[in-house]
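What TrEMBL says about this one:
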type: COMPBIAS; residues: A:151-171; note: compositional bias 'Acidic residues'
type: COMPBIAS; residues: A:176-189; note: compositional bias 'Polar residues'
type: DOMAIN; residues: A:198-255; note: domain 'CTLH'
type: DOMAIN; residues: A:389-430; note: domain 'RING-Gid-type'
type: REGION; residues: A:151-189; note: region 'Disordered'
type: ZN_FING; residues: A:389-430; note: zinc finger
Amino acid sequence: MAENNTGIALLERDLAKLSRKPRLQAAVDNVDRIIEQLAAAREQIATALDPHTASLTVTRLQNPTKDAFEMVNENLKDVSSAQKKVFKAVNEHFPLKPLPADHDAMADHPALINRAIAMHLLREGQFSVASTFIEEAQDTPPHHALYQQLESEDTPSADQDEAMDDDDMDTDAQTSVTASTSDPTDLSSLHSQELQTKFAEMYSILQDLKSHNLRSAIDWARANSTELEARGSNLEFELSKLQYVWLFKGAAVNGLPDDERNGRSGALAYALQHFTRFRERHVREIEKLATAMAYAPNLADSPYKEVFSTDSAFTDVAASFTREFCSLLGLSAESPLYIAVTAGALALPRLIKYTMAKRAKGTEWTTDNELAFETPLPEKMVYHSIFVCPVAKEQTTESNPPMMIPCGHVLGKETLQKLCKGTRFKCPYCPSEGQLKDARQIIL
Amino acid sequence: MADHESSKINHDNHLLLDQPLLRLPCELLKKNFRAAHFTFEKDSTFVKNLLKETATASINGKTSPQDVVKNLDTMLTRMRGMKRKLESYSEEESSIYRQVDARVAHLKELSTMHTVEDIRYEAWSRQRLDRLVVDYMLRHGYNESAISLANERQMQDLVDIDTFVAMDKIRRSLENGSVTEALAWCSENKKALRNMGSNLEFMLRCQQFIEMMRMGKQLEAISHAKKHFIQFRDSYQQEVHQLAGLLAHRPDTELEPYKTWYSQERWNRIADIFVEAHNKLLGLPSFPLLHIALSSGLSALKTPACHSSQATSSSQPSHSTSLTTNVCPICSTELNELARNVPYAHHSKSHVEHDLLLLPNGRVYGKARLEEYAAKAGLQPGHCKDLVTGQMYTFDQLKKVFIT
């Protein structure tokens, strides 16, 4: 697609063409001229102070002043017509499209949105903005009155809310940071600085990584090694490996003091001291790192070239570090607010199209729990496996879980029950038959 | 379902949330011009008339030269005042045009990107989020936060701090029981408010009347009513009658509708009416754009698993090279509660990892992920480990799963 064909590109072109010269400044200049005329006449009369000069001067002043006012008027007309051209260009190339305006599902939960914003600011490292925000939000709780009208129209979802409250506690308890946050709408727990301290630690470590200092990251990984290993993360080893490689490269590359703790001897000493704890799990990689010593003079041509390339190594470990750090806090690596708003912008056209169509037909939403239309998102925004029962064409849920039948095919539980004749059923996808008792629920 | 097509940026529809970005400056330009024009009309008429009168009187010998000088001084003062005002409108105009340029440039950046995979898209989308957050803060009156975020991100030209701070000032004055600021705003926007059919001015006049009654100033209230209610008599007949009835009731009355008229809650309602009129007048959406983005985004991302009590086997994208769990944004603490209130996304096709294997405990993982995890965990060959529960199995215990 030609990038110059988008509405905005055309708008920019038109605005540039519109040399918006006619501005109010021209009127100001002409007003200045009138002031000069008046002032000059005043001086003349004040100096002479004779009736004849006065009447002559003030009479002569009439026409030039009138003309000058007329010019100001013209200036204003020009300003107005220039503006109209701007408005026209905006309307033409950036035509107004309606936004969903009748139903604001978020309006009932300003406190939850405030919390999401506060956590977003903290995770972005905007500590001072976050602290101002938390204070302001606590001083002036969200304007409930503003939303009351909408709230009353929205009672069904509130009911559903309460019904599901019990599950809440389980999910909350899993996350370490929020375990202390019993009331999710309470911002004070964020202000208690626990989260801020955590993120401050994360940023200080990331800062170190940026300046190629691995010490703080390694310390953190070691302190959390049990959790990290349980998650199948090799972060500690990856960091230690990079430390070895970095030392190995010597003072010329890493800029550290050229002593016995740097260079190949430094790397070897580091390996002897730290690699034993990884011996069991990473023996082959450690062997590789050790053998590389033999190729030291000419690593670039050796089979170990890859292992010793540090071009993107620090950015890579920084990314894995961020991911692990957030995961241990029970948080996603990228700001959920960012992902949600980006996904929202991507899904919005569909949402609007659908709402319009629904309104035109005068029908209501048929399902409360599920959107009635697809909102395709890029692959990287799909976080869970989705299983759609191939017979019922419905997503499986907790109450209608996926069931695997003996031949290995998977169906929704409800579908399976419908397929059953007595206790037996035939697989819709292959010739095999099975018994209901042999079907088992699976967790995708 | 996720495919290549869904990563494409649809330029016609990607800027729905960004419409006020250019609409508002246009409205502000109009408003600014109207004010400039009004000033000019008023002051120039005055000066022209005075000049004409002075000339005539001077020719007729009715005015002394001293008085001519005095009149000229009056004209000069008036003109200098006009110049000052026009200068400030001119500055405002320049700053609005500067905003328009900055905003068009910001929106144009998107035109050069074709897919959301473009690394520049993330930076752009983050800036959009910052804009939406600032808009949200401003609408809630969290002005200091909004200003500091805008400064921090250096995007003052992309957000409408002045407009909303001015609005917030009037809103707060109403909440604190003062109508002065709101009435001044009404008279600035008289014509537009009338065209909109807004009842704001009437409500403010009513409130003034009610406050006079509350203070026990019946006579003042009656003359206020005579002066201001006449023009509203036809459009708000019922209310005017009720207010007349209010004259017979003291503030502590239990009788409706008078009790409601005396209620302090009315101030908050008037503040809401003002905000509504203000936003409508400037073509601003009635609620924060962040709400629209969030409700759409939360639904699009949400799956039945996000509020399930059971941890699923696939809390991460199947294509991810990382083994470790990447927490889903809806499952993450920040949004989990908020997302409870929206429907989940609709999918018509399954989206699962390749070569699924069933563990004896009922959990299903992709073969590649199990193998990678086993390797990283340094397991004996042929062994594997559940990524969520940590249970150990051998590969020959696993069964193939077929997803159709």
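Backbone N, Cα and C define each Cβ position, glycine as well.
TrEMBL does not curate its annotations; it predicts them automatically.
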Residues sitting near the domain 'RING-Gid-type' (A:389-430): Cβ under 8 Å, six or more positions beyond its termini, same chain?
370, 436-442, 444
Summarise the model confidence on the domain 'CTLH' (A:198-255) as a single mean pLDDT, whole number.
87
DSSP says what for the zinc finger (A:389-430): how many helix, strand, coil residues?
7 helix, 12 strand, 23 coil
Pull the DSSP breakdown for the domain 'CTLH' (A:198-255) and write it out as helix, strand, coil residue counts.
46 helix, 0 strand, 12 coil
